[in-house]
């Protein structure tokens, strides 16, 4: 592979002119890099890998595209590799030309492409032969010259000619190891996409191993052929043998890469660490090490490794990109933005950085800025499915349905090939298109006159919520876009009346109080505004209810119920991000309800730790221990003391498995523990909470998860509890309106928190339950005269606080400890009605789109 800025040369052999593709293959770098099977082991695939992306699929995709081809090239990317590994050249004493036809990296390209004639090839071959700078050189000068010619042919891209040359030599000397080896390389270079080439390459390399079993470079070369074919375990075995014969930094790095592909991040980390101990100046190995941390959820350790890689190579684009993504996962928007920007300053056309930055901006609520990144991404890569999907989503979220649906249709037309797995974007896009059409048709219909949960077909909702392929029998598509319904236009903040501007600023502030300060949760200003407006609308609706006013829902006027209160927040959460199906699970088809919906969260999967929930691992561990002791107290009282002593030594969830297997033969490969939720309505009665599952055969290969199964029967029990609490809340709220007694306000506060405690444990929505419920808490408390002034503490998740609390009183106590409740400002009473100010979908999208930052900052 040639350094960036290197020119490439044509060559003649036997009167035949190499094709234009061969003309771009550089003799020097191919002999240094591609012939590394014997000249510098490992370069064929190891040095040809692009740096590992943050997503394993990206790594595998690139490996499949690049490694099988094996050809050199003068791309800037391959140049990066040559530069990154310059520190490793001392690992091998193999061929190192100095009389190259290439300019050094960074200089201008050659003025013209030179042709290598027969004389020059022979001259190069003679030089190689004299110094025996090729694999398995012999003691015969004439034989060495013939072998060197064949290797130069490989370097010139003339693989068939090289194979014929080696074959002629093998007819005379069947066990000539260098010829067998070279022919294997040539077959591999022809392209592993042709399985025949792969089989012949492996056959030849296996012959070499039989004849020369103690040469590590041959095992590595065979691993380089095996890995692109998906035969990872065999490749790892070959690299292990090579390491046993002659350890090197490159070999450990190469094997670590394969462990990474296999998702064995801990073992991959060990190999990258070993590689760095042998040669510390390896920015790519340091990047890989950081990625093993990243994929295990160890974000701070990953960031340190990425920074170290940048110390070694200041212009390392992939390290900046990875650093940006790690900061994004931590929720540090400013640091992530800075890192992505540095990557793009080095290469403004770096597609994956544009894609990742665009997605971060979308989830930060900066849709216009996100859209610019996706458009630029598509200019560079027109068939980039992620950027195309996100472009369509961004347009739809801003109310630009024509452009949005056009982009969605492009994704829909990109059908996967037979046997190819459909991308997540392809699976989601038809749901988004149908939902987009529905939203467009209702842009100007009063929100009180229609209901998404009723209008959308049951099977559509069921499949969408479960992220299933769009295979719905007898589905009738939503009507196409109606020309008379125009897209949403941009609304300047200054165009709103002063009192509406004040309403928006208050909403922004309230919404920011709902932000989780936990890894994995990026601040989203669009969600903040939406849920702040939801809280204010809940406040106003609850106050009207407590003064005996009725509400208009679905075209009917009636007294507000608890679901109406939550529906206010649901509508705002839905429109803030139309990508996510926020649907009531009890409104699903009867068949789906009977089976139940599982709200599943992996806390540990294999070696991957979900950092969002790390704060709760110890709490869940203590709960599991208590349940185990209760179980053994009832079923194995004699062995209870032994079990207790064993459990006292357990400090990590994953260490529970061997203990359970030791004391319970029924455990086999896992066990489950169920939580219970005590009833307030019926003292002594308990409802099913969530299920904790731990499965696996050893530490490092476990699944630690929690799930809530929302069945029809369970839903009815929780609804009865919430109905009773809401009835009590309404009665006490009406008393509170007429009274200023502190005790009444405190009782109302406890009822609000208790009601939401059961909502959290029920998990009645397909998405968004957490922020929806918290906005209801904030809004209902304001209706009672109390304002939430405190932020949610770092590491705390309100839904998990409710789910892991022993009862509603405990949840109320912990929630009030951080809410810092104070008397509501009188100015809230003068705010305009949210439902009347934003009565349609169009007006809701307009207010979410508008930029209030300069004015609202002044008001605060």
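All positions are counted from 1 along the displayed chain.
Each residue, glycine too, has its Cβ placed from N, Cα and C.
These come from Swiss-Prot:
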REPEAT    143-176  repeat 'TPR 1'
REPEAT    216-248  repeat 'TPR 2'
REPEAT    249-282  repeat 'TPR 3'
REPEAT    284-316  repeat 'TPR 4'
REPEAT    317-350  repeat 'TPR 5'
REPEAT    352-384  repeat 'TPR 6'
REPEAT    386-418  repeat 'TPR 7'
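Distant neighbours of the repeat 'TPR 5' (317-350): 50-54, 80, 283, 286-287, 290-291, 294, 299-300, 302-303, 306-307, 309-310, 356-357, 360, 364, 380, 516-523, 611; these residues of the same chain sit at least 6 beyond its ends, with a Cβ under 8 Å from one of its Cβ atoms. Tertiary neighbourhood of the repeat 'TPR 4' (284-316): same-chain residues 51-52, 54, 56, 84-85, 249, 253, 256-257, 260, 263, 265-266, 268-269, 272-273, 275-276, 322-323, 325-327, 329-330, 346, 519, 607-611, 614, selected by CB-CB distance under 8 Å and a gap of 6+ residues from either end.
Counting residues of the repeat 'TPR 5' (317-350) by DSSP class, helix then strand then coil, yields 28 helix, 0 strand, 6 coil. Using DSSP to sort the residues of the repeat 'TPR 7' (386-418) gives these counts of helix, strand and coil: 24 helix, 0 strand, 9 coil.
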